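Below is one structure; the comments refer to it alone.
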Amino acid sequence: MQHDRLQGSFSPDPEERNHQEEACAKNMAPSGEKKGILERLDAGEVVVGDGGFVFALEKRGYVKAGPWTPEASVEYPEAVRQLHREFLRAGSNVMQTFTFYASDDKLENRGNTQRFTGQQINEAACDLAREVANEGDALVAGGVSQTPSYLSCKSEEDVKAIFKKQIDVFVKKNVDFLIAEYFEHVEEAEWAVQVLKSTGKPVAASLCMGPEGDLNGVSPGECAVRLVKAGAQIVGINCHFDPETCVKTVKLMKEGVEKAGLKAHYMSQPLAFHTPDCNRQGFIDLPEFPFALEPRILTRWEMQKYAREAYEAGIRFIGGCCGFEPYHIRAVAEELGPERGFLPAGSEKHGEWGSALAFHTKPWVRARARRDYWETLKPASGRPFCPSMSKPSAWGITKGHADLVQHKEATSKEELKALFDKATGKP
């Protein structure tokens, strides 16, 4: 791949162009246009999502942990563009706009300096996603997520107005479909879906919950039914939990939808971290969140297992969220290569199940060039004094609690001291 960062030009090498053309040809409608998300899913095709942009770009120095807002779409477009391209090369069919937390109330929350408006960020993100999607077989998805206004108990009308400002940009930029993602409360997700549905574009909706349900205790099955009735054609889970937990939860959602006599497609975009010790709040309750999660990262081989389990559960939109890097998505695409009918361009630099290790100079490494070695390996952490699991914070608060009321002013020293005292058990 040749990429001139200054001019923004892009000319894939012949091998990569062949992969892209093969994938594009498979998903062209008779009109010559790309098939839409529902056309693909209705045909039983696998749609591979992308990964977690906020975590990936934070590690690269383009996103600030804490606010987790996507100003990089305007500030550092080359970084966002490059990450899109890496996910495309890894096999992603969806370029999701980097618009996570791009609502104005989040951009100005708790003293965060708002150098750009939500409209500016959303427009730039749409342009970047479309540019890269046009380089291969990918669709553009415009995304909205939960809002500080909902946590602060603002009205349904106020919250919906925030979503409306974002989707006006998505309609203007003509994204291919819409995603309401990262919602802890199904009520707010319903409001988002209702607004997104008004555009006439296909709508996907994913909650960040586990088998216990949303933060108000609404079961996964009931959540899914409510989202479908609100207008979502694709429902599922993203973030907060590991692949195993997310697949289990989507199964419960699927059971609920089928029991209600409804129909939907299903999606899963989990964390790339093992979270067997999480409670209902998910990984943000772990003491390692967000700066010490690396020991929990799934290997590429564990991602292949996830892809297979998701497929066998009837999930056809399979991607990732926080912690997912392009090589994780490549593992998903490689595992489902037989079902998709092709491998991603990135596989030209990756031997199946480590087969390229046969080129290694050391004989004991060449001996690892086989599937049974990597499939059965139990990776060591190299941390002899660390526990295998943690104790979540378990503060047990959600919408309506005074500590979750948001404001434009920066968090004060007095507010922080009260939180520090609570965390350390001081009276």
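In case you wondered, yes, glycine gets a Cβ from its N, Cα and C as well.
Per TrEMBL, Zn(2+) binding site is recorded for C239, C321, C322. Residues or ranges marked as compositional bias 'Basic and acidic residues' in TrEMBL: 14-24. The annotation domain 'Hcy-binding' is assigned in TrEMBL to 35-336. Positions annotated as region 'Disordered' by TrEMBL: 1-31.
Every protein chain shown contributes to the tally, and the Cβ of C239 (Zn(2+) binding site) ends up with 28 other Cβ atoms within 10 Å.
All chains included, 27 other C-beta atoms sit within 10 angstroms of the C-beta of C322 (Zn(2+) binding site).
In sequence order, G52, F55, Y182, C208, N238, H240, Q269, P270, L271, G320, G323, F324 are the residues of the same chain, not among C239, C321, C322, whose CB sits within 8 A of the CB centroid for the Zn(2+) site.
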